[in-house]
Amino acid sequence: MACFPWRVFWIIQALVDVTLSQEIYAPHSIRIEGDLTLGGLFPVHARGVSGEPCGDIKKENGIHRLEAMLYALDQINSDDELLPNITLGARVLDTCSRDTYALEQSLTFVQALIQKDTSDVRCTNGEPPVFVKPEKVVGVIGASASSVSIMVANILRLFQIPQISYASTAPELSDDRRYDFFSRVVPPDSFQAQAMVDIVKLMGWNYVSTVASEGSYGEKGVEAFMQISREAGGICIAQSLKIPHDHKQADFDKIIRQLLETRHARAVIIFAYDEDIRGILNASKRADQVGHFLWIGSDSWGAKNSPIQGLEDAAIGAVTILPKRATIEGFDQYFTSRTLENNRRNVWFAEFWEENFNCKLMSSSKKEDTSRKCTVFGLFNRGPGLRHQAPTPSTLQHPQDIICSRGYDLGWAEGQERIGTDSKYEQEGKVQFVIDAVYAMAHALHNMQKDLCPDQSGVCGEMEHAGGKKLLKYIRSVNFNGSAGTSVTFNRNGDAPGRYDLFQYQMNINNTPGYKVIGQWIETLQLRINEMQWPNSEMKIPSSVCSLPCKTGQRKKMVKGMPCCWHCEPCDGYQYQFDETSCKLCAYNMHPNANRTGCQPIPIVKLEWHSPWAVIPVFLAMLGIIATTIVMATFIRYNDTPIVRASGRELSYVLLTGIFLCYIITFVMIATPDIAVCSFRRIFLGLGMCISYAALLTKTNRIYRIFEEGKTSVTPPKLISPTSQLAITSSLISVQLLGVLIWFGVDPPNTIIDYDEQKTINPDKARGVLKCDITDLQIICSLGYSILLMVTCTIYAIKTRGVPENFNEAKPIGFTMYTTCIVWLAFIPIFFGTAQSAEKLYIQTTTLTISMNLSASVALGMLYMPKVYVIIFHPELNVQKRKRSFKAVVTAATMSSRLSHKPSDRPNGEAKTELCENVDPNS
C-alpha cells in the first residue's frame with residue numbers, strides 16, 4: 001500500500017507529459033499573466049460525438065461564464081483596495097462538458113507542483129534544454145458540471161489546490177472528508193431537493209417520477225430528492241429513470257414511454273443537463289404528449305433558453321429552480337462591448353462570434369449551417385515573430401496551421417456586428433456566481449496577504465510558500481457582499497446557504513412564452529400559486545397522484561410497497577371513518593352519521609298509542625272493559641236474584657275482577673315505560689289471569705268434588721261453602737303475589753333502552769327501544785303460574801265433562817278452558833318466533849295483549865253473557881225453585897243423566913238453574 005501514492009504520481013506525470021506535448025501544437029486555454037494565477041474550468045464546448053472530445057460551442061454556459069471570470073479579474077485588478085499591488089492572472093481551460101476530458105485538461109494546473117528529472121535530457125548540440133517553468137495555480141474556479149468537479153477535485157486535493165465552483169450542486173460534494181479542498185458559491189442540491197419536495201407537497205402531488213442525467217449531478221440530485229421525500233413522507237416515486245452519457249434519440253423515446261406507463265404521475269422531477277432536457281422535451285413532442293407532463297427542473301434548467309429553444313410549447317407550465325441571482329449590469333456593459341478586436345485574449349471568441357451572429361469568418365469555418373460571411377476585413381499580426389505572412393480570409397484555408405511563437409497571436413479586423421444589437425443577448429444565470437467565486441478567492445488571498453505580509457505590499461515569500469491548506473482556511477472564513485448584494489459565505493463543508501428563485505415558463509400578456517418568477521425558497525417555500533399557469537389552459541392545479549382521495553366515509557386500503565397508492569373501501573355497517581386508513585365501530589348506542597365521519601345517537605322509539613300495533617289491542621280492551629263493567633253492574637243490581645246467587649256471587653266477583661285486570665293490562669303494556677309503569681307491569685301482567693283462573697279452578701274443583709263425593713256418599717264434601725271457596729282462591733292468588741314480591745326484591749324494576757332489538761343491517765334504520773327491564777323469560781315465568789292454573793282448571797273441566805247437561809256451570813267452564821288453551825297455544829310460537837324480528841317490540845306486545853283480551857273475552861262471554869241475557873231479557877226465568885237436600889240433588893242429577901231427558905222438554909234455563917240454586921251446602 002505504501003507504493004500507491006507513488007503510482008498515482010507516476011500516472012499523473014505520464015498524463016502531464018502527454019498534455020504538454022499536445023499543448024504545443026493545439027492550445028485550448030487562455031493565459032493571462034499575473035502575480036498570482038487562478039485556474040478556470042468552463043464548458044466552452046458541448047460533449048463531442050463520434051469519438052470527438054468536443055462538440056459545438058456553448059454560448060451561454062460556456063462563453064458567458066468564461067467572460068464573467070475575465071470580467072471579475074479586470075475588476076479586481078483595477079481595485080486599489082482589494083489585493084493592492086497584486087495582479088491576478090488566469091489559466092482558463094475548456095472541459096468540453098466531459099469529466100474525463102476535464103480531468104486530462106486540469107492536469108495543467110499541477111505542472112508547477114511536479115518535480116521533473118531532466119538530468120538525462122540533452123539538446124541535439126549536447127547542451128541541457130531550457131524549460132519554461134509553468135505558472136503556479138494557487139486556486140481553481142470551477143467546474144460547472146458536478147461530475148466534472150468531482151473528477152477534478154480528486155486530483156486537486158492531492159496537490160492541496162483549493163477549488164471554488166460556481167455551478168456544481170451535487171450533494172456528494174458536501175462530503176468534507178473526500179472533497180476537503182472543494183467549496184462552492186451555489187447551494188448544494190440537498191437544499192434544492194428540499195425546495196422541490198416542498199413544491200410537490202404544496203401542489204398536492206404525491207406520485208411523481210424522476211429523470212436524471214447519468215453522472216454525479218443528476219443521480220445524486222435525484223437521490224437527495226428521494227431521500228428527503230422519504231423523510232418527509234407522503235410522496236411516492238413512480239419511475240426513476242436515467243439518461244445515459246452516450247444517449248441516442250431512441251433513449252429519450254424510451255424514457256417517455258416508460259413515464260407514460262404511470263400516466264397518473266404527471267409531475268416529473270428533472271436533474272439533467274441542457275442537451276438532455278432538450279432530448280426529453282423533443283421526445284414528448286414526438287409522442288404527442290405536449291401538456292401532459294408537469295416538469296420540475298433543477299438549477300441546470302433554471303431560467304435558461306438554450307434547453308427549450310424551439311420547444312417552447314413542450315415546456316409551458318414547467319417549474320424551475322435557480323439559486324437566487326441578479327443581473328450584473330456591469331457585466332452586461334462589458335460583454336456587449338466585446339468585439340473581435342478588443343477580446344483577443346479569449347481564444348474561443350471567434351467561434352462564439354460565428355455562432356452568435358450565424359455567419360462565417362472564413363471559408364474553412366466549421367460552421368456549416370450558413371453561408372453568410374461575417375463582416376471581417378482580414379487578419380493581421382499583432383506582434384513581431386509571426387512565422388508566416390498573414391493571409392487574407394480568401395487565401396486562408398487552414399488557420400490551425402498558423403503557429404505563433406510565444407507572445408504572439410493572430411488578430412481579427414473588427415467587424416460591424418454587435419452583441420445585443422445584431423443578436424439576442426440575455427445574461428446567463430450563473431454569471432453572478434462566477435463573479436462571486438472569483439471574488440471569494442480574491443478576498444481569501446487578500447486576507448492571507450494581510451496576515452502573512454503585514455509590512456509588505458504585494459506577494460511576499462511567506463505567502464508564496466504558504467500552500468493551499470492555509471489558503472483554504474481563509475476561503476472558508478470569507479464573508480462579503482457579492483455582486484448581487486447578498487452575502488457570500490461558506491459553511492464547514494464549503495457549501496453556500498440555500499437561496500432559490502422559483503420560475504415558471506408560461507405565456508405572458510403578449511402571448512409569447514417566457515420565464516416568470518413565481519416565488520422563492522429561503523429555508524421555507526414562498527410560492528404565489530395564483531400567478532401560476534398550467535398546460536392546456538387548465539384552471540386548477542393539475543393532479544399527479546397515484547390514487548384519487550377517498551370520499552368521506554371511505555378508508556384507504558394501501559397498496560403494498562406504495563404508500564401513496566390505495567383502493568378506497570367504504571366503511572360499512574355500523575362503522576365510521578376513524579382516520580384515512582381505518583374504520584371503527586360506533587358505540588353500542590350510536591350509529592354512523594350520513595357521511596360516516598362520526599357517530600350519532602340512535603333514535604329512541606317506544607310503542608305509541610297511535611300505532612296500529614296499539615290501536616287494535618286498545619280497542620278490544622275498551623270493549624272488554626265496557627262489557628265487564630256492564631256484567632258487574634248487572635250482577636250488583638241483581639245481586640240477590642237466583643241466577644246471580646246460583647253462579648256463586650263471591651267467586652263471580654273475583655272472576656270478573658280478574659277479567660277486568662286482563663283488559664287493564666293492555667294500557668299498562670302500551671304506556672311509556674318508567675319505574676311506576678314497569679312496577680305495574682310486573683304486578684298486573686300475571687295477576688289478572690291468576691285471579692281469573694284461580695276462581696275458575698276453585699269452581700271446577702268444587703264441582704268435581706261434589707259429584708265424586710256423591711258417587712260414594714250422601715255427605716257433601718268439605719270446603720264448598722262460599723267462604724271456603726274465597727279462601728282457596730285467595731291462597732292460590734297469594735302464590736302469584738309472593739312470586740312478584742320476590743321478583744321485586746331480587747331485581748328492582750327499571751327501564752332500559754334495548755339497542756339490539758332493532759339493530760338492522762342498515763344502520764340508518766336502527767332504533768333503540770325504550771322498555772321495561774323485563775326479559776322474555778321473565779314474562780313467561782310471570783305468566784307461568786297462571787298458565788299452570790289454566791291447565792289444571794282445564795284438566796278438571798275434562799274430568800267434569802260427564803256432569804249432566806242440565807248442570808249449569810261445568811260445561812261453560814270446560815268450553816272456556818278449551819278455547820283459552822287454543823289461544824295461548826297460538827300465542828307461544830308467535831311470541832318466541834318473533835324474538836329476532838326488528839318489529840319484536842310491537843309484535844310481542846300486541847300478541848300478548850290480544851291473547852289476554854281474548855282469554856278474558858272468552859271467559860266473560862261463555863260464563864256471564866248468557867246469565868246477563870236471562871237476567872235482563874228473560875226475568876221470568878230468574879225465579880227461585882224449591883230447595884232440596886244435597887242427596888236429592890245428586891240423585892236427581894244422576895237419574896237425569898240416565899234418562900237422558902231432552903233440554904227442550906223443559907223451559908229454557910229452568911233445569912239449569914234449579915239443580916245448583918237449590919243445593920244446600922249444609923245438607
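Each residue, glycine too, has its Cβ placed from N, Cα and C.
Quick look at what TrEMBL annotates:
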{"type": "SIGNAL", "residues": "1-21", "note": "signal peptide"}
{"type": "DOMAIN", "residues": "613-887", "note": "domain 'G-protein coupled receptors family 3 profile'"}
{"type": "TRANSMEM", "residues": "613-639", "note": "transmembrane segment"}
{"type": "TRANSMEM", "residues": "651-673", "note": "transmembrane segment"}
{"type": "TRANSMEM", "residues": "679-697", "note": "transmembrane segment"}
{"type": "TRANSMEM", "residues": "777-798", "note": "transmembrane segment"}
{"type": "TRANSMEM", "residues": "810-832", "note": "transmembrane segment"}
{"type": "TRANSMEM", "residues": "852-874", "note": "transmembrane segment"}
{"type": "REGION", "residues": "897-923", "note": "region 'Disordered'"}
{"type": "COMPBIAS", "residues": "902-915", "note": "compositional bias 'Basic and acidic residues'"}
Same-chain residue ranges lying at least 6 outside the transmembrane segment (777-798) that approach it to Cβ under 8 Å:
682, 685-686, 689-690, 692-694, 696-697, 700-701, 703-704, 732, 735-736, 739-740, 743, 810, 813-814, 816-818, 820-821, 824, 848
Is the transmembrane segment (613-639) in contact with the transmembrane segment (679-697), using three or more Cβ pairs under 8 angstroms as the rule and ignoring pairs under 6 apart in sequence?
no
Report the listed stretch (613-639, 651-673, 852-874) having the maximum count of Cβ pairs within less than 8 Å of the transmembrane segment (810-832).
852-874
Could you give the residue numbers and ranges of same-chain residues that sit at least 6 residues beyond the transmembrane segment (651-673) on either side and whose C-beta is under 8 angstroms from one of its C-beta atoms?
606-607, 609, 614, 617-618, 620-622, 624-625, 628-629, 631-632, 635, 644, 680-681, 684-685, 687-696, 698-699, 722, 725-726, 729, 751, 770-772, 845, 848-849, 852-853, 855-856, 859-860, 863-864
Over the domain 'G-protein coupled receptors family 3 profile' (613-887), work out the mean pLDDT and round it to an integer.
81
